[in-house]
Amino acid sequence: MDVNSFLATLTNKHKITPVKTFENGADELYVETNQAGFGAFCLALHQELCSPVMAMFARDLDDKFQIYCAFMNFQTQTWVFVTMKILKTEPEFKSIALQIYSANLFEREIKEMFGLHHLGNPDNRRLHLHEEVWPQGFYPLRHDFIPPNNEPSSAEYEFSLVEGEGVFEVPVGPVHAGIIAPGHFRFSVAGEPIINLEIRLGFTHRGVEKLLENKTPLECLKISECVAGDSAFAHSWAFCCALEKINRINVPDKAVNIRMILLELERMYNHVADLGGIALDVGFSPAQALSAIIKESIHVLNEKLTGSRFLKGVNVVGGVAKDLDFTAGKRIVDSLIQIRRDFKELETILMSSVSFLDRVDTTGVLRKKTAQDLGVYGLAGRAAGIKIDTRKGFMPCYDQVDFKLCSSASGDALSRLKVRMEEFSQSVNIICQLTEKLDNGKIVADDINIKPGFALGCVEGWRGPVLYWVNLNDVGKIDRVKIVDPSFRSWQGLAYAVLGEIIPDFPLCNKSFNLSYPGRDL
Amino acid sequence: MIEIACLAFLSPLLSGIISKIKNNLRFRQGPSIFQPYFNLSKYFSKEEVVSSSCSWLFRLTPYIVFAATLSALLLISFNRVGDLIAVIFLFSLARFFLALAGLDPATTFGGMGSSREMFIASLVEPVAMLSVFAIALSAKTTNLTFIFAQQSMSVPTIMATLALFLVALAETGRIPIDNQETHLELTMIHEAMVLEYSGRSLGLLELAGYFKQVFFFWLISSLILPGFNEPVFLIIKMLVLCLVVAAVEVSLAKMRLFRVVDFLSFAGILSAMAIVALVLGA
């Protein structure tokens with residue numbers, strides 16, 4: 001379906017016409033609407049494309065604000081952005097979250113960062129800038145923002161209250177016993193079963209998007225690697241991808257191959273660590289010990305290949321900084337033989353232990369409808385039956401390798417475990433296919449000159465799609481970056497998956513998702 | 001009396017040995033087998049922090065628990081006085097106070113721990129009683145001294161001993177019932193109750209835990225192959241038991257909380273069958 005017929009369908013069927021449309025590169029379509037038509041257009045796209053809101057963000061145009069709302073078009077494997085402009089004198093817009101629930105978190109974020117009120121949305125709670133520490137009336141992503149120096153108001157966050165006989169509230173965190181990032185979990189329980197879980201995050205909000213403003217792409221690349229430490233490579237690739245799209249840079253084939261190999265290595269070390277983590281949380285320690293060995297051997301391989309255990313400092317705009325030659329390819333294959341052998345053993349240990357399977361089977365079920373409504377994509381979504389992997393279609397470089405989209409239908413902890421296992425094996429296959437192609441080609445594109453413009457970079461990290469929407473200003477510096485880590489939406493999925501489970505099973509459910517705190521607390 | 005002093009002194013060693021075996025089974029080196037002693041000396045030399053919202057109960061409990069468990073251990077040696085049923089009651093007394101102390105600071109995890117501990121206790125205690133009755137029926141006495149003087153082992157006593165072993169796993173907070181190694185407060189049972197304790201109080205509670213463990217190990221060891229109850233053989237049997245417990249802990253995952261019912265019912269049925277067999281056999 002080409003763009004015009006697609007728009008014609010929308011116009012005829014839903015009786016709405018856009019103000020202006022334009023294509024940005026091969027795979028992005030921007031549709032500008034007026035304020036009244038924005039909601040209707042988003043809803044029509046949401047229904048036509050069966051896509052949740054993948055990203056929704058605002059931008060300060062100095063005289064106006066512009067709001068973008070991005071959807072995925074699975075048929076043509078493109079992105080559709082609906083945009084509208086808002087006058088600075090009337091900083092408000094009609095909420096679309098009542099019709100499209102996956103927009104809710106984004107709307108709350110826009111309200112907090114830009115002070116644009118989402119009219120009609122009853123959910124006014126703060127996401128990142130907690131009432132206790134951040135005074136009202138300061139909107140950090142506006143260009144004219146001045147850091148607050150007055151005291152925050154005495155307002156307190158209100159948790160949703162569950163009342164009834166024998167219902168207790170169990171507050172957990174933000175400081176936990178293990179060495180993990182902070183998050184507050186408020187359980188409402190009747191005995192052991194969980195009636196409601198409210199997750200409050202944002203304790204480690206670092207203001208990444210503000211930090212990136214007015215910096216050169218090179219400086220931002222370093223920061224993007226630190227957004228979520230366990231997905232350093234996916235984040236930096238997504239950032240590079242956006243810049244390469246803006247500047248129409250043709251990345252050499254060899255650089256793309258190296259990136260794919262390293263992305264799969266990142267996926268592998270995280271997946272195997274999670275398998276061990278899940279086992280450890282149910283007290284099944286030998287599996288964790290073996291998984292730690294496998295994880296470490298992948299880290300060692302990473303270090304030998306790139307000098308960084310976490311694959312930092314590899315991606316550069318236009319290619320990669322570290323060359324992998326034929327001998328490196330041989331080294332990878334050699335290491336993979338041992339890793340694959342150990343992994344088989346780990347699989348056998350996990351899948352042959354009745355006591356372990358008893359714990360994970362049917363625990364923490366995330367239903368497909370819930371995942372779809374919340375926009376839980378990526379690993380957790382695939383385990384719930386949403387067969388979407390942006391490597392299939394949205395990342396054209398993956399067309400040259402043969403791999404299976406791994407999914408499961410039941411959405412419980414066991415299916416998340418199985419999807420991880422399958423994806424690990426698929427990653428090994430992908431890497432083996434790619435190492436044969438390592439030749440003596442170039443690893444960085446020649447013609448790199450930074451031009452103004454905007455584009456969306458998308459990379460399927462191990463948790464799910466990592467999105468970077470980047471806008472460069474006239475002097476080639478960053479005007480606005482919107483980062484969407486899959487964890488942002490998936491945390492809500494966890495809150496639904498644990499309902500009806502008992503409290504001692506929560507750590508297991510949590511680990512089976514293993515969401516990122518820093519990815520959520522940008 | 002010397003025997004008891006040795007048992008008490010060596011009790012932390014059991015945990016050290018089990019932990020060492022577990023770590024070796026997981027391809028790890030693990031801390032030295034004397035680590036529990038280092039931990040104890042650390043606890044006793046550290047300052048104690050007590051929440052201001054705690055009552056006298058919280059401070060008193062470690063002493064009660066320690067005293068009750070030590071008395072249980074002492075009952076082993078007092079000739080013709082040591083009674084197996086009294087031991088079970090002493091452990092219940094300790095548990096009662098510990099559960100109250102878990103609730104006392106009104107923290108998130110203490111209450112959950114106490115509630116779970118009582119839930120499991122309601123299953124453990126009847127099963128422990130049943131297996132004790134089976135052993136007593138076989139020996140025709142509940143007096144520990146006479147029970148240990150038994151020379152032969154019948155099928156019902158083997159069943160009762162097995163039930164007692166399952167009870168011991170639950171009583172000492174081991175996988176598949178509880179997990180001593182976890183840092184996840186939400187899954188803890190025993191550890192959650194004592195989470196607020198520090199310093200000397202924690203040391204006493206830990207020590208009481210070691211006493212309880214050594215009591216169960218010693219009891220089970222004496223019931224197995226009762227012909228060989230000289231100290232050397234007892235020690236060997238206890239070491240074998242350590243190996244078994246470590247193997248169980250490494251090869252199983254922790255059960256879902258409500259599955260514990262099935263696990264302990266199995267132990268209950270074993271001891272009930274032992275009693276039936278004994279009554280019918282006699």
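Every residue, even glycine, has its Cβ placed from backbone N, Cα and C.
Of the candidate ranges B:151-170, B:231-250, TrEMBL annotates residues B:151-170 with the feature transmembrane segment. Long-range contacts of the transmembrane segment (B:151-170) within the same chain: residues 120, 123-124, 127-128, 130-132, 134-135, 137-138, 176-178, 213, 216-217, 219-220, 223-227, 245, 248, 260, 263-264, 266-268, 270-271, 273-275, 277-278, 281, each at least 6 residues beyond the stretch ends and with a Cβ under 8 Å from a Cβ of the stretch. Proximity of distant same-chain residues to the transmembrane segment (B:260-280), defined by a Cβ-Cβ separation under 8 Å and at least 6 residues beyond the stretch ends, is recorded for 120, 123-124, 126-127, 130-131, 133-134, 137-138, 154-157, 159-160, 162-164, 166-167, 170, 176-177.
Taking residue pairs at least 6 apart in sequence, the transmembrane segment (B:118-139) and the transmembrane segment (B:56-78) share fewer than three C-beta contacts under 8 angstroms.
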